[in-house]
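Quick look at what Swiss-Prot annotates:
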- D21, L22, N23, R36, H59, L60, G61, R62, R113, R146: substrate binding site (BINDING)
- K197, E319, G345, G346, D347, T348: ATP binding site (BINDING)
Amino acid sequence: MAILNMQDLELQGKRVLIREDLNVPVKDGVVTSDARLRASLPTIKLALEKGAAVMVMSHLGRPTEGEFNAEFSMQPVVDYLTKALDCPVSLATEYLDGVEVAVGEVVVFENVRFNVGEKKNDEALAKKMAALCDVYVMDAFGTAHRAQASTHGVGLHAPIACAGPLLAGELAALGKALDNPARPMVAIVGGSKVSTKLTVLESLSTKVDQLVVGGGIANTFVAAAGHQVGKSLYEADLIEEAKRLVANAQSRGGDIPVPTDVVVASEFSPTATATLKDVSTVSDTDMIFDIGPDSAEALAEIIKNAGTVVWNGPVGVFEFDQFGEGTKRIAQAIAESNAFSIAGGGDTLAAVDKYGIADKVSYISTGGGAFLEFLEGKELPAVAMLESRGQ
């Protein structure tokens, strides 16, 4: 991939426009989770250290295009950056026709989704953004799967378009995990529905040695193996698909192991009583909410011996502690493993936080949808744009 990297460019005196993913939760005008802001700081600081006049843009939430809405303003982000950066930081509400920004300063643009044409990747809008800078830096992996004016179009028209350190690091880590993985390679794919992760499962089943399924997805595979799943969430219409995926994996010498024991309850609630059962004894009224300790231990052994682990999705309803032991054991196994591990997706990151293993995972992906599309083997529009500009 011939992508220019911001780290390699001379930026002294240059106007640098950085697209970050600063889409953070805000309550009463204050940022409540700053993970994405923290992740963006090294890129912004590097641009300042290189002597640039820095402009930063992002979306926040889902406002109606063409309308200012204070609820989705970037002001709380500006307040945060003012404390985090040792330089002047200001908010530009009107910026498309020009911005005053000096070397050593940071100007944050108001929410890009307030602009009509942002989501449709409007060319006129993209050209206006491109005219503001000498160098455009795409650093938002979380939105790299969307072809929008601030993530794609602007890069086609800017004098120079490059990847920021966060995006470059993300692509390098994903490439290491997927393009040339240390074997055995294990992928853990959780989530509620096979249908939403079908392309991921298909793509990974041709690459990995063991494909571990969890959550509602696993229930469909349990049913495909001929077991009762009671009232559990599963997709009867995808049982044949599940059988095909298992057969494909096994024909390559791999497998998609099905749980041998499960944790069930008769209702979905924080106070539901958890009961451990052999997978062959699930009753008509049971709902499967987690894998049992024997299954968890078997998976932990697979992870322990892995060379590469890709984790996307919990194996149980870990939000309720009585259904969290399976995911906890998986998390511990990843933490203890010598494998190169990469974790991505909102629920996965919540599990990483809950079980305190963030510093034991080799790479934590900032992208949800983009992470999934990369796993599916899809081309990400923003990455394709950077490749074309890097020629």
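Placement of Cβ uses the backbone N, Cα and C atoms for every residue, glycine included.
These figures come from a predicted structure and were not determined experimentally.
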Distance from E319 (ATP binding site) back to R113 (substrate binding site), taken between C-alpha atoms, in Å: 32
For D347 (ATP binding site), nearby residues of its own chain (Cβ under 8 Å, 6 or more apart in sequence): G190, G191, G313, P314
Chain-internal residues, separated by at least six, CB under 8 A from D21 (substrate binding site): R36, S40, S58, D139, A140, F141, G142, T143, T366, G367
Where G345 (ATP binding site) falls in three-state DSSP terms: coil
Distance from G345 (ATP binding site) back to N23 (substrate binding site), taken between C-alpha atoms, in Å: 15
Site of maximum Cβ density within 10 Å, from binding-site residues G61, G345, G346: G345
Fewest other Cβ within 10 angstroms of its own Cβ, chosen from the binding-site residues N23, H59, E319: E319
Between T348 (ATP binding site) and G61 (substrate binding site), the C-alpha gap once rounded to whole angstrom: 21
Other C-beta atoms that fall within 10 angstroms of the C-beta of K197 (ATP binding site): 23
Cα-Cα distance linking H59 (substrate binding site) and K197 (ATP binding site), given in Å to the nearest integer: 26
